[in-house]
Amino acid sequence: MEQPGGRSCSGPSPAPEDAAPASVSLAQLLQLVQQGRELPGVEKRHITATHGEPTSSRLPRRPKPWEAAGSARAPAPP
Amino acid sequence: VPGRHGYAAEFSPYLPGRLACAAAQHYGIAGCGTLLILDQNESGLRLFRSFDWNDGLFDVTWSENNEHVLVTCSGDGSLQLWDTAKATGPLQVYKEHTQEVYSVDWSQTRGEQLVVSGSWDQTVKLWDPTVGKSLCTFRGHESVIYSTIWSPHIPGCFASASGDQTLRIWDVKSTGVKIVVPAHQAEILSCDWCKYNENLLVTGAVDCSLRGWDLRNVRQPVFELLGHTYAIRRVKFSPFHASVLASCSYDFTVRFWNFSKPDPLLETVEHHTEFTCGLDLSLQSPTQVADCAWDETIKIYDPACLTMPA
């Protein structure tokens, strides 16, 4: 993520603080980011692709409910 | 799930009761991401497997031709291909977008296996999961893209919703946009196609409204649904009922609507204590819904309005 502060949160910040002790509230996080401080417990990973082949599929494709209805081009609802 | 904020939930099209959830640490602002594969049984939701990624995960889509495979997209601009039957992953990583990827969708029309991704870099990219590079890049949006969804009926056709306040319709056969709908005077965070009318879509926006659009005449919406008190984060048409749809919002609620009724709001579900971002309607059960929120919970339930006869 290039710009932690650049995320547009399209809505108001939640007022209540998260009660779980393992979590930091959004308001606290934004404050830490603005201050340029490290966020607590940020888990860094270095995961890469395995380039393996997908496990073979054994199940047939299921029709969607709207396909099972017969006509895929139903008229507009009333 | 402690320390993870759910962004998206999708029922498997193959396995009843299997749900994938894309989540991010720290509300997606920093830290890693996790893909959760959950199975539902009599006693509730059980974690089948989880996969971590280096950055937050913002959306997830199941393969339409392999029950083990799904694709996620991430804050680092990449997409990941996963295999639920393998203990570690991902199988492949597709890195081309230059900013956060907020939306991925696997095509539902038969005969093609294509994935479309929408990014904050203002582009949509088309992918064949067996090919490492994108097939095509679609430009035109003038702001971040929040949602990219394939038509369930028209092969090669997909819609995108953007912070530029437009809904755009595209066809993979050309890189130029087909239709531009100035759908709202606010950022549009979500869109979906009606499963029973190939011309009808819905948009959900920061102005708290849902609007229906008929592609044969996009000058005015065919319906407007009001009731949410904050931005609408995701909207999905029912797979079973032609005029029913569900929406989730930053007002913490999930609402169910039937736009053909004079009083369209069917039910409001208030069981989250934070922004509700993920929402999906089961393809196997006409009454079942899944959602996830920034309160670190994922819920599967059967709202009363769907269990009652239409």
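Cβ atoms are placed via backbone N, Cα and C, with glycine included.
Curation does not apply to TrEMBL; its annotations are automatic.
On a predicted model such as this, the values are computed, not experimentally measured, just so you know.
According to TrEMBL, the repeat 'WD' annotation covers B:94-137, B:138-174, B:181-217, B:225-267.
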In the same chain, who gets a Cβ under 8 Å from the repeat 'WD' (B:94-137) while lying at least 6 residues past its ends?
58-65, 69, 71-81, 143-156, 158, 160, 162, 170, 172, 175
Please give the average pLDDT for the repeat 'WD' (B:225-267) in this predicted model.
96
Tally of helix, strand and coil residues over the repeat 'WD' (B:94-137) according to DSSP?
0 helix, 19 strand, 25 coil
